Amino acid sequence: MSAPAHQLAIAKAKEKVKDATVPSAVFFLYCIFVFEYFFRLSARIPGMGQLRPTMVLFLLLTIALFMQADKVRDKLKEPPVQIILVLFMYLFVSFPLVEWPGSVIRQHVQPFILAVCFLFFTAMVVDTDRRLKLFVLLFVVLQAWRVIEPFGNYLLTGELGGRTHIGGGEFAGRLNGARADVINANGLGFVIVTTLAFMHFLMGGSKSFMIRFAYYGLAGTFLYALMLTSSRGAFVTLIVLVAFMIWDSKRKVLFVGLLAVASVLAWSGLSDFHKDRYLSLISSDTSTASGATADGRIRGMTTEFRLGLKRPIFGHGLGTTPEAKVNQLGGRRQAAHNLYAELLIEIGAIGAIIFLAYLFKLRSAVKDNLLAFKRAVRQGVPVDGFMLNLNKALLVVFWVYAVYSINYFGLSQDYWYIFGGLCIAFARSIKRNREVYFGTESAPLQGAGGAGTKRPLSA
């Protein structure tokens with residue numbers, strides 16, 4: 001495509017979307033909602049929590065989107081959104097058939113709705129290319145701050161915020177989230193790897209030397225913070241991230257060589273506690289309690305799946321894993337340590353299949369669109385470097401989430417739903433700019449419809 005034709009295609013794409021977007025005030029309101037949710041202003045400013053700012057913003061956004069129904073209605077046709085709507089209908093129909101419907105109503109519906117709203121809000125509000133870039137920037141900056149704040153506090157005060165038992169009545173410190181945050185050491189490790197994935201592809205792939213330089217400095221800081229969390233689950237997802245970094249590298253041999261040297265140096269600098277903790281992933285023969293806790297975690301996952309099989313069709317009820325553990329197993333009141341077991345325990349096999357279909361649809365979207373991008377690059381079509389790198393980041397983050405979900409609950413957590421909203425916003429951008437990216441309005445673009453489909457996610 002010639003340069004004038006390329007500019008004309010961009011202008012046509014902008015004209016198409018101009019009349020179908022929600023007002024800027026709604027997007028700004030959603031950004032405030034996301035900022036408050038992750039930065040937790042209500043926990044930082046005395047008395048603000050009594051105003052329930054998250055709930056107020058949620059209601060304002062819901063009302064605003066109802067008022068813009070003509071502009072957001074088509075987003076409800078997106079396959080991932082439709083699957084979640086099916087999940088809502090299933091939860092409603094199966095509600096009388098679960099073990100503890102009263103607990104679901106009293107305690108667990110609100111957190112679930114608050115988490116799922118990120119899918120709908122992101123898909124409906126992030127409806128232009130500029131808004132997509134701004135939202136990704138806001139999200140990554142907020143996640144980075146969740147890492148920098150507790151790490152900075154550790155450097156200033158020496159306080160890690162958490163600890164774990166290592167045997168013999170002794171404990172070792174672990175870096176927790178900030179005091180205003182709600183994440184422990186494992187959750188912080190998860191945030192670190194997620195943020196590193198976005199930063200590697202969006203900052204490390206930038207043409208600006210200063211942005212790449214900032215990325216390398218932040219990456220070293222984040223890796224040190226990850227070590228301080230002592231999170232084995234996050235360490236496993238870091239391996240997943242590194243594997244994708246090798247896959248994407250243009251100089252694989254050099255990259256692997258530098259990685260090997262850095263790994264040897266990093267391992268030699270670890271304390272005995274950290275070495276034992278990471279070795280416990282592959283061996284229970286360690287000098288601390290780490291090996292026992294790793295074995296216990298595996299047994300716990302097996303027990304959770306067995307618990308799910310006690311009510312395999314409809315489950316015990318949304319959010320009731322802690323109650324099921326107490327009443328069915330006589331154990332402690334704990335959340336699930338595995339998303340896939342959590343699905344079976346709480347919403348049964350039918351609900352689990354619906355939710356896994358949602359995840360599969362997201363994976364298909366980001367994978368197939370990346371293949372289409374690569375075909376365009378091979379054909380010499382000029383593409384937006386940010387969009388290509390964002391596509392790579394989304395694919396990597398999907399697998400980071402999928403692997404970490406083996407060690408973490410998530411049905412009523414925000415991360416899978418924000419990710420889904422981003423995937424929809426990204427796919428709709430691809431659809432709007434199909435001629436820009438692929439040279440012709442009719443160029444084939446893989447989508448989320450499964451094998452053999454020739455359409456984008458939002459087609």
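Each residue, glycine too, has its Cβ placed from N, Cα and C.
Here is what TrEMBL says about this protein:
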- 20-39: transmembrane segment (TRANSMEM)
- 51-69: transmembrane segment (TRANSMEM)
- 81-97: transmembrane segment (TRANSMEM)
- 109-126: transmembrane segment (TRANSMEM)
- 182-202: transmembrane segment (TRANSMEM)
- 221-356: domain 'O-antigen ligase-related' (DOMAIN)
- 222-246: transmembrane segment (TRANSMEM)
- 253-270: transmembrane segment (TRANSMEM)
- 339-360: transmembrane segment (TRANSMEM)
- 381-402: transmembrane segment (TRANSMEM)
- 414-430: transmembrane segment (TRANSMEM)
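When the domain 'O-antigen ligase-related' (221-356) is classified with DSSP, helix, strand and coil residues number 97 helix, 0 strand, 39 coil. Counting residues 6+ beyond its ends, the transmembrane segment (381-402) has Cβ neighbours under 8 Å at 1, 6, 129, 133, 136, 193-194, 197-198, 200-202, 205, 207, 237, 240-241, 244, 248, 359, 362-363, 366-367, 369-370, 373, 410, 415-416, 419, 422-423, 426, 429-430, 433, 436-439 in the same chain. Simply put, out of 51-69, 81-97, 109-126, 253-270, 414-430, 81-97 has the most Cβ pairs sitting under 8 Å from the transmembrane segment (339-360). Between the transmembrane segment (51-69) and the transmembrane segment (253-270) there are fewer than 3 Cβ pairs closer than 8 Å, counting only residues 6 or more apart in sequence, so the two stretches are not in contact. Per-residue pLDDT, averaged over the domain 'O-antigen ligase-related' (221-356), rounds to 86. With a threshold of 8 Å between CB atoms, the same-chain residues lying at least 6 positions outside the transmembrane segment (253-270) that come near it are 223, 227, 242, 245-246, 278.
Panel annotation: around the transmembrane segment (414-430), residues 37, 75, 78, 80-81, 84, 114-123, 126-129, 131-132, 135-136, 139, 190, 194, 358-359, 362, 365-366, 369, 372, 387, 390-391, 394, 397-398, 401, 437, 445, 447-448, 456-458 of the same chain, lying at least six beyond its termini, place a Cβ under 8 Å from a Cβ of the stretch.
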